[in-house]
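A.B. asks: Before I ask anything, let me first share the structure, which is written out below as structure tokens.
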Amino acid sequence: MKPDGFNPSPPDAGVGDDIYALAERLFPICRSITGNGVRQTLDILSGHVGLERREVATGTQVFDWTVPREWNIRAARITGPDGRVIVDFADCNLHVVSYSAPFNGTLSLQELKRHIHTLPEQPELIPYRTSYYAETWGFCMAHNRLAELPDGLYRVEIDSEFKDGSLTYGEYLHRGLTDREFLLSAHICHPSLANDNCSGLALLATIARHLRSRRTRYSYRFLFAPGTIGSLAWLAHNEAGTGRIDHGLVVSCAGDAGGPTYKRSRRGDAYIDRAMAHVLSRESKATLLDFWPYGYDERQFCSPGFNLPVGMFQRSAFGTFPQYHTSADDLQFIRPEHLASSFRILMDVIDIVEGDWTPLNLFPKGEPQLGRRGLYAALGGETSTGLSSIALLWVLNLADGNHSLLSMAERSGLSFTEIAAAASLLAEHGLLADAAFATA
Amino acid sequence: MKPDGFNPSPPDAGVGDDIYALAERLFPICRSITGNGVRQTLDILSGHVGLERREVATGTQVFDWTVPREWNIRAARITGPDGRVIVDFADCNLHVVSYSAPFNGTLSLQELKRHIHTLPEQPELIPYRTSYYAETWGFCMAHNRLAELPDGLYRVEIDSEFKDGSLTYGEYLHRGLTDREFLLSAHICHPSLANDNCSGLALLATIARHLRSRRTRYSYRFLFAPGTIGSLAWLAHNEAGTGRIDHGLVVSCAGDAGGPTYKRSRRGDAYIDRAMAHVLSRESKATLLDFWPYGYDERQFCSPGFNLPVGMFQRSAFGTFPQYHTSADDLQFIRPEHLASSFRILMDVIDIVEGDWTPLNLFPKGEPQLGRRGLYAALGGETSTGLSSIALLWVLNLADGNHSLLSMAERSGLSFTEIAAAASLLAEHGLLADAAFATA
Amino acid sequence: MKPDGFNPSPPDAGVGDDIYALAERLFPICRSITGNGVRQTLDILSGHVGLERREVATGTQVFDWTVPREWNIRAARITGPDGRVIVDFADCNLHVVSYSAPFNGTLSLQELKRHIHTLPEQPELIPYRTSYYAETWGFCMAHNRLAELPDGLYRVEIDSEFKDGSLTYGEYLHRGLTDREFLLSAHICHPSLANDNCSGLALLATIARHLRSRRTRYSYRFLFAPGTIGSLAWLAHNEAGTGRIDHGLVVSCAGDAGGPTYKRSRRGDAYIDRAMAHVLSRESKATLLDFWPYGYDERQFCSPGFNLPVGMFQRSAFGTFPQYHTSADDLQFIRPEHLASSFRILMDVIDIVEGDWTPLNLFPKGEPQLGRRGLYAALGGETSTGLSSIALLWVLNLADGNHSLLSMAERSGLSFTEIAAAASLLAEHGLLADAAFATA
């Protein structure tokens, strides 16, 4: 379907600051796979774009899994032999292992250590740990602080609770002209980790807000759900509708200085894989990775029973940067310019998905005479339209009904933007028809 | 179809000198896309091989184009304030922009300069310029000469004319045993540029003359036509017959020291693309390029409405050498040895097209016993026939009816010549049949 | 077909010594394409695994060939002018050209030299030469010895005979649960050359003995036949059965320090080609070669009339090492550790062929919850089962009925062993079914 002219996304001055400001607001909240932290986060995101929120009751079966009890935590601390507070959840929510059971007791240092997680090789950082499906408790702290603790009795208080409640996720559907969908998904279950994934949440909410005013062919579904169990709950609830998903991206770690990185869908040659490869071919440090079954929610979307065309976008690939899953993944680690770059990349992909069509050359025998239409200039120069002649010639040459604009960009080595602009211009001059209608 | 034995083209001592001598005769003529220069050129070529000439009247519609008025020029000069002739068409036909309108007048230096083309970065060279489809006039000269001109009034005389006449092209058809065609095309519209394209014209005429005495399977069509409008006129006139074209080459810039270069057809995997790649795999400095929609008349032959299997052969690729489209593309720039090399390459390709067939091993179970037929020698050595055993073994092994000789050459890494000689020898000994007939 | 658990071949301490000891016993025998040397060799091999022996009478037509007369030799020597024995077959059976006709006479040095073969560039080594299909006689000796010989008359005695007899080969069939076959073939026609091919004969006999006690899906056919004419005789006799051969390997030069080398079957993408490539991807110095029609009996198995999926395994590729076909290919040139490595490689391939199956994920929508089954551990760590989680995730992700375990190993980059163990474990936990039965 030929779109009404080619209208690439407008420039985005200041968008990096906007995304950063949103990530900053999300950062302090203690999120987990269930509980009020997720709800608070969805509240803030709803201030940007109206989310539909869904609560899935504890005990609900989702495929092979069961929604766990809801977990909330109010406070937690360790007090030392001298009465001084050693570790306090109020200082940093990474200090408590996520889904820690309530506890109140006094332990020897030796006993306590069995519940303490540190990073001996990054001794100043606090690790991020979870224990979702095995009931236990634990604290995380800097290895150097642990090493300084004297023998003696330590008082441990964890004011958390498990209850029959629900798992929460939010979604926003931008309705396009068709019900074919582009799924954009970010996990919402990590606490104070800026890149992983306040950055992804803020980026997707900002893209959603930008799309609101835009007339699109595709419908865009934004999903903010807890990792694994949240995406499974969404899939279970929307199983019949997954056939509408033509493209999808899982987004996380979108704000650091590395990458960009794209991990292909399980299919490996889905349209989204080609479109991302094309956009990233313009980035000097981009990395393309083949699918492997570890990572974020692409694991679920790409499980064999769904095999959806969903890839993953990141800047630095998860697990490859030293700040990953530590207290160093903080608000200094992400920068507005990197968030803006991620925004630009995803909007470029959306522009491809929106702007692609398959033209048919109406003068396919020989070249049409571009000169008398004011469309021809010396190669390397520009026409009066600002377009290089070579883009026009490529479009005319490949407009046999078998090449979409993206195919043309891939074969020519020109950017999708140049190809799309050339096709628009040629269509305006009556040289191209839309193959989708011309074949009737 | 198995040919009657394998008869590669005979050696070509002196052919480089012959081609050069012909190019030398073509060089002085002022050619353009119409006019008497083309006719004089065809007259000379007809001395080598009997051309059929065709005149296409001004105003004839060819696809999206219209044949322009015929242009001829008798003289042109600029006379300086002191009465001395500054620039004279009689000295070098590049001095006048091709298709310059007649003009007679006196201009200030400033006004004159708006009509002068130079090459500031190659200040001693005269550029080649055209203005086919926009009526104007202009001169080309060395930048250093222009810089020396004093202020004052300059007298400009261009004794050219436009008239309703015709566009002229010539063709020669060497009839083979079948009406399947190999098209060889060279543009005839450039004035005194030796490599681009006196070399191509002279090379093709010489190949045509060599083929005259040869019994071939294919029919060979040689086309000498003005660029773009000429090939379009030919295509329009022969539209129904283009389905007979199995192979094609556009030839230009065939005489300089660079390359050789082959630009693939739009199909990319046509037989001509494979055959040229095979021949050029024997050349140490060869370059293979994918099709792109700029260049010479392959643009028209490979337009989507025709999509003919036509590639382009050159030595240095057009636009990549500093002499390109300047007065430095003269008779010193092309050399007999490079023309001979180009001749050899094209004849090798013709030998493949002529000599290829698909053999069927009549003793397919195990190897036939070559020793008792006198066909076996130690590997690396030679049989009494001068052929290495490995060529015989490759042919026998791949003669399953699914491999042409070219496929065998590609897979084995041996030359087509070796493979073809081995197949002939095996056929003589009754070990091979022609798959084309054996399947009946 | 899912095998009953995955039972890779047990470790093979001492197997290198066993194979070496067997090669040592085979080494002294004078083998040729017919005669008692082959029978003695088969006698020794039968001590390891019960061979079925077959005699093919002189004059039998096998495809394009005829079984030659049987050749045997008792003694041969050259005595010098001074009565001293210069060369004696009893010292080294390479001294006599294989298939030398009987001879008794006295010759001048000059006449004698026409019957002497040496290696001027390896002047201390005796070459190996044959003359199977042209009746003549000859001796092989060190070039330096030949150079020392004084003029004079030399007495030559060759006590050999040709007779109507037979060509002999042996085979052993290990019957599996199905009659689909894996063919393993080694040539038996070389005299005292340790690597080429006492190593191959001893290796295959040892593999056969190891398989005897193993319940296999495939039937394994071991063929010990003279090169070319022997494999042709076998093919002629078993033509109808060749359709049962799903995999095959020709084995020679299996004991030196080079390689390993695998030469692909003519098909190039047969299962055996993929399995060998996978196993050799674990070897740091492995070389994979495309098929070419020279070498050992893969030439016959891969002739176009059979085109069997048979590759060739060697350590150093034939013809590439200086000891090849000389007296330096002796028992010092092969070592137990290299024979053990070759054994391990072939058993690994057999393990793949035996252990491969195509699983179907019974929980294909999302990941099944491995944690509550005790199957999940941190990536990079190990589960309680000793398996990395990533192997489990790969198997689940690709268990869509379109991926065999070998495909999974290829795509994941993990070893077949890891993938197979993961699949067994998942099947034990009820997460996988066998696609071969599940589709009904």
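One-based numbering along the chain as shown.
Note that Cβ sites are derived from N, Cα and C of the backbone, with glycine treated the same way.
Okay, these came from TrEMBL:
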- A:20-355: domain 'DUF4910' (DOMAIN)
- A:70-161: domain 'DUF2172' (DOMAIN)
- A:H190, A:D196, A:H325: Zn(2+) binding site (BINDING)
- A:358-433: domain 'UCP01524 winged helix-turn-helix' (DOMAIN)
A.B. asks: Which number gives the other C-beta atoms within 10 angstroms of the C-beta of A:H190 (Zn(2+) binding site), all protein chains shown included?
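C.D. replies: Other Cβ atoms found within 10 Å: 26.
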A.B. asks: Least buried of the binding-site residues A:D196, A:H325, going by other Cβ atoms within 10 Å?
C.D. replies: A:H325
A.B. asks: Quick check: with A:H190, A:D196, A:H325 left out, which same-chain residues have Cβ atoms within 8 Å of the centroid of the Zn(2+) site Cβ atoms?
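C.D. replies: Apart from A:H190, A:D196, A:H325, the close residues are A:Y128, A:L193, A:N195, A:N197, A:F318, A:Y324, A:D329.
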A.B. asks: Can you work out the mean pLDDT of the predicted model over the domain 'DUF4910' (A:20-355)?
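C.D. replies: The answer is 97, the mean pLDDT of the model over that range.
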A.B. asks: Specify the secondary structure state of A:D196 (Zn(2+) binding site) as given by DSSP, simplified to three classes.
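C.D. replies: The three-state answer is helix.
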A.B. asks: Name the secondary structure element type, per DSSP in three states, that contains A:H190 (Zn(2+) binding site).
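C.D. replies: DSSP assigns A:H190 (Zn(2+) binding site) to coil.
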A.B. asks: What are the helix, strand and coil residue counts for the domain 'UCP01524 winged helix-turn-helix' (A:358-433) according to DSSP?
C.D. replies: 34 helix, 6 strand, 36 coil
